[in-house]
Amino acid sequence: MMKSIQLCILLWCLRAVCCHSCELTNITISVEKEECRFCISINTTWCEGYCYTRDLVYKDPARPNTQKVCTFKELVYETIRLPGCARHSDSLYTYPVATECHCGKCDSDSTDCTVRGLGPSYCSFGEMKE
């Protein structure tokens with residue numbers, strides 16, 4: 001009886017690891033432009049999931065400890081025209097779309113690597129247009 005419970009727990013853990021690996025997922029983000037003074041929601045794809053990582057107890061200064069995160073491997077950019085902007089303003093908005101994901105080091109030059117970023121639904125204007 002105890003062995004079958006342990007086996008079930010082991011299989012459940014293996015399922016959690018393999019089924020929630022780093023992969024593409026659909027998300028909704030808020031986009032805004034200063035000239036338009038409002039936000040709209042758009043759908044795109046981004047990377048989500050778990051990556052195997054470890055934090056060493058004894059730190060070795062000669063070997064940097066890099067945590068792996070689920071991040072994009074390939075990106076394309078799409079452009080939309082924001083509706084309802086002022087007549088002479090630039091209403092084009094370009095946003096990233098992930099096309100391939102992997103577990104790797106977070107690139108702070110192109111990604112918000114903070115623990116608590118603003119989040120994809122943040123709108124600085126406080127007004128969302130449908």
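Just so it is clear, glycine is given a Cβ too, placed from its N, Cα and C backbone atoms.
Disulfide connectivity taken from Swiss-Prot links Cys106 to one of Cys85, Cys113, Cys123, namely Cys113. Among Cys39, Cys47, Cys51, the one Swiss-Prot lists as the disulfide partner of Cys103 is Cys51. The disulfide partner of Cys39, as annotated in Swiss-Prot and taken from the candidates Cys101, Cys123, is Cys123. Between Cys36 and the candidates Cys70, Cys85, Swiss-Prot records a disulfide bond only with Cys85. For the recorded site, Asn43 (N-linked glycosylation site), the DSSP three-state label reads strand. Cα-Cα distance from Cys113 (disulfide bond) to Cys70 (disulfide bond): 11 Å (rounded to the nearest whole number). The CA atom of Cys123 (disulfide bond) is located 26 Å away from the CA atom of Cys101 (disulfide bond). Least packed by the Cβ count within 10 Å, out of the disulfide-bonded residues Cys70, Cys85, is Cys85.
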